[in-house]
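To start, the structure itself, in structure tokens.
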């Protein structure tokens, strides 16, 4: 795809040079990765961002590991055919738990994954009970249990897997109201506890999008923790130390696997996040 320079302001004698920036790809199966993108953009507002989401295979939570690995490799490979990438963020917990080794083996650029914020939650809990709210797939994976054993061994960790909350977050971004009673029903296993978790790890990037609704339902004072800020800091460090040589002057762009009526409804939302266009990515 040819690179189109951004129009600069003109002087009386010449047009200013376009701003050249490293290209960073943020990938998720759905729109949850926008929560991570927002954190990165806060620290690095002037990068060239691509946001790719797999609206054909969404959600990934119940997909097999082999499927997710092959799918994500294919998508990132397709994006590299459009732009030389400085860095990729896999802003999807389900994908991060299984794809990072394969991605790092294939590509030379840094690949950053999402890790549930178990370690900071274990430090912050006051009653020694940490909740992990994630997809059912993430809750079941050995990687997640290893994290808990390594960083929260002295805490009691209550895991709750839900695919419905992912759908609720997606629907919210599409402009649909959130049914608080449905959120309450999903969280009942914790709400019925005599002493529920006082610190909850949002182990899916969709869940920060509904943090207000979660706070309405969970006991007052419950802390919600996600990995977005840590990923943003890691991205800053990598770009400062990698010094990418290939730069772009293009506008930020969103990519999906299929243009549907539902994805068209997302265009105003994506524009509010700074993405000028939405295009179909061919695999």
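Every residue gets a Cβ built from N, Cα and C, even glycine.
The substrate binding site feature in Swiss-Prot is assigned to 28, 29, 60, 61, 93, 94, 205, 206; the stated evidence is sequence analysis. Under the DSSP three-state reduction, residue 94 (substrate binding site) is assigned to helix. The number of other CB atoms found within 10 A of the CB of residue 94 (substrate binding site), across every protein chain shown, is 30.
Positions annotated as active site, proton donor/acceptor by Swiss-Prot: 92 (among others). Around residue 92 (active site, proton donor/acceptor), the same-chain residues six or more apart in sequence whose CB sits under 8 Å from its CB are 27, 28, 29, 32, 33, 60, 114, 205, listed in sequence order.
The annotation active site, proton donor/acceptor is assigned in Swiss-Prot to 204 (among others) on the grounds of sequence analysis. For residue 204 (active site, proton donor/acceptor), the number of other Cβ atoms no farther than 10 Å from its own Cβ, over all displayed protein chains, is 33. In three-state terms derived from DSSP, residue 204 (active site, proton donor/acceptor) belongs to neither a helical nor a strand segment and is classed as coil.
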Cβ-centroid neighbours of substrate site 28, 29, 60, 61, 93, 94, 205, 206, 8 Å, sequence order: 30, 32, 33, 59, 92, 95, 135, 166, 204
Number of Cβ atoms other than its own within 10 Å, given for residue 61 (substrate binding site): 23
CB within-chain contacts under 8 A for residue 93 (substrate binding site), separation at least 6: 114, 116, 134, 135, 138, 203, 204, 205
Other CB atoms, at most 10 A from the CB of residue 206 (substrate binding site): 28
